[in-house]
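For reference, the structure discussed in these notes is given below.
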Amino acid sequence: MDRRDAMALSGSGSYYIQRGIPGSGPPPPQTQPTFHGSQGFHHFTNSISPFGSNPNPNPNPGGVSTGFVSPPLPVDSSPADSSAAAAGALVAPPSGDTSVKRKRGRPRKYGQDGGSVSLALSPSISNVSPNSNKRGRGRPPGSGKKQRLSSIGEMMPSSTGMSFTPHVIVVSIGEDIASKVISFSHQGPRAICVLSASGAVSTATLLQPAPSHGTIIYEGLFELISLSTSYLNTTDNDYPNRTGSLAVSLASPDGRVIGGGIGGPLIAASQVQVIVGSFIWAIPKGKIKKREETSEDVQDTDALENNNDNTAATSPPVPQQSQNIVQTPVGIWSTGSRSMDMHHPHMDIDLMRG
């Protein structure tokens, strides 16, 4: 019994290649050869039937071409090949579009590539600020008590200009503008200065230049351009004793401008508004003396510290009593070791001892 006949069982399927018959019609589309399995599980013997040939080698004059007709070739396959082919025909390859199911449970500590996943926590953006500058300790500069300004002459040794307050002085028709401003300046120890004024003047008494030292009276209707003055106290708690003067600039109806220091009454021809500012310009002497004393004490302590530093830097070093070393040239014996014996009378050195 042949080996192939023994392996070919009645239950094994046979496969054959289906070929088209040439000349039987239009050529079919080119397709790859497919394997078809018989549904009836029939077995074909390994017999080779002779191929038939067309006796007329010339083509058909009617236009129908004939060719070789071959019967289907039996294909003997081993059980392993048949099982593999059956598995390939029944099982379809998985498509690439199928989504991978996510496994349940805690994710793996290590990734697919075998590398370890970093477990370090990254700082949150809200907690980390790009410009996180530490605030200095103590009170920020400029938030403490108001400091004194530099001295402005002998009349104002400690001017600060604190507590500036604006005021409005209303002068009725026929009243003296200059006397109103002066009386307002005597109401308290505060210094005043005129910021602006508006209205009309009927009579103005102005001072002449220095050589004559006289006054000139102007009568008519004059427009008030500007009014400037400042009244300051010369001494503390002495209200009437003030320094300052008034100056005015007027415009006549014909376009002329006159002005100068006020040496007499300045009568208002209409309602005049004068804007005045008052401020505290001086500090009591007691506070000044205390601050000066404290500043002098600080300067004295600084000077003492500087002197101590200078003396410490210039004073020669004090030799230590425990050591008495005398530098001598090489090859010369010195008697400096005797002083060591004098400092230590109880020391006994025996050179014979080993």
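Residue numbers in this text run from 1 along the chain shown.
Backbone N, Cα and C define each Cβ position, glycine as well.
Among the features that Swiss-Prot reports, region 'Disordered' is placed at 1-158 (among others).
What Swiss-Prot lists as compositional bias 'Low complexity' is 46-55 (among others).
Taken from Swiss-Prot, the feature compositional bias 'Low complexity' applies to 75-96 (among others).
Here Swiss-Prot flags 101-113 (among others) as DNA-binding region, drawing on sequence analysis.
The motif 'Bipartite nuclear localization signal' annotation in Swiss-Prot covers 101-109.
Marked as compositional bias 'Low complexity' by Swiss-Prot: 122-133 (among others).
Annotated DNA-binding region per Swiss-Prot: 134-146 (among others), in sequence order.
If you look up Swiss-Prot, you'll see 159-302 marked as domain 'PPC'.
The region 'Disordered' feature in Swiss-Prot is assigned to 290-354 (among others).
What Swiss-Prot records for 294-303 is compositional bias 'Acidic residues'.
Per Swiss-Prot, the feature compositional bias 'Polar residues' maps to 304-327.
What Swiss-Prot records for 340-354 is compositional bias 'Basic and acidic residues'.
Model confidence over the DNA-binding region (101-113) is summarised by a mean pLDDT of 72. In the motif 'Bipartite nuclear localization signal' (101-109), the DSSP tally of helix, strand and coil residues is 0 helix, 0 strand, 9 coil.
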